[in-house]
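Novice: This is the feature table in Swiss-Prot:
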BINDING   H97, H99  Zn(2+) 1 binding site
BINDING   D101, H102  Zn(2+) 2 binding site
ACT_SITE  D101  active site, proton donor/acceptor
Amino acid sequence: MALRMPFNQAFWEEYLSGQDATLPSLPDTSTLTSRVIRILGGNPGAMHLQGTNTYLVGTGPSRILIDTGQGLPIWLSRIVGVLQSNNISISHILLTHWHGDHTGGVPDLISYNPTLAEHVYKNLPDLGQKPIEDGQIFAVEGATVRAVFTPGHSVDHMCFLLEEENALFTGDNVLGHGFSVAPDLGRYMESLELMAKLGCVIGYPAHGAVIDDLPSKLEEYIRHKEMRVQGILSVLVKERERVEGERGKEGRRKGGMTLHEIARAMFGTVPDEVIDQAMAPFLMQALWKLTEDGKVGFEPGDPVKRKWFAVARRKTRPSIRRQHGSVTSR
């Protein structure tokens, strides 16, 4: 059984509802290129944009399927229609990660074609699934798909690189509209950097329209997260400077702010329930990342009342080394 991290629906809704509400309409099924067909999951909403994108990949009679939607009957009807009208079948089912809007259609597909039970792949597989290794290749006629381990949005998240198109199926790491969320911000930002280094031009996201300029989108994502993290650090640095200024030379106290105080310093008057349900997940992950980076510390105790503080920068001193009985600096 795969290790799973908590999934905060309210946090998703806070992020996505704040983005452009006028999303472009997407067809239920679309032939995007000669080797990629997109089938919408039939589950539009604040969390899923126009719905979960699922993709049939390849050019021959046997295709790779990436993700399976939420498990709604309308999706099964759509994909069966595509399979039958094109006289094609599914060779592999590749799941980007464990969230139900990506894995929910697996049982329906197996009911439709029981032989598919032996061909379901996921990183950190659940019972009955086969593992996906970083760098593993899945190939059918017209398509070579390479798995790329990109955790952060979820502990098991995989992207898939389509070599023939220099395109990347980005899963939930990068969306077609707005920004995604990440319970593990540090690993997520590392994954974004890794995705950028792949050099893919096109992005096929799990939600939203095709990304025509993936490098620019990744740069935007990385900059957005860095600005959020830097904003939190700036608030804590100002608090430390305020405390030290008030206490003068005796200002040994670090200064500190609770999660709620940080949120209000950044966003103004915000109700406690909004902070707890919508802002706390990102703030906590950003604070832990800053802690891992050595820029922020905290006082042990009740997480709600815990004080976070900016770590003072240490003045660098010349390094000292001994040479032939003398002491030199450099």
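Using N, Cα and C of the backbone, Cβ positions are placed for all residues, glycine too.
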Novice: Which residues in the same chain, at least 6 apart in sequence, have a Cβ under 8 Å from the Cβ of H102 (Zn(2+) 2 binding site)?
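Specialist: Those within reach of H102 (Zn(2+) 2 binding site), by Cβ under 8 Å and sequence separation of 6 or more, are T52, D67, T68, G69, L95, T96, G171, D172, A206.
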Novice: Counting across all protein chains present, how many other Cβ atoms fall within 10 Å of the Cβ of D101 (Zn(2+) 2 binding site)?
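Specialist: Around the Cβ of D101 (Zn(2+) 2 binding site), 22 other Cβ atoms lie within 10 Å.
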Novice: Any same-chain residues 6+ apart from H97 (Zn(2+) 1 binding site) with CB under 8 Å of its CB? Would you list them in sequence order, or say none?
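Specialist: Residues satisfying the criterion: K122, N123, H153, S154, D156, H157, M158, G171, D172.
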Novice: Taking the Cβ of H99 (Zn(2+) 1 binding site) as the centre, how many other Cβ atoms fall within a 10 Å radius?
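Specialist: Its Cβ shell of radius 10 Å holds 23 other Cβ atoms.
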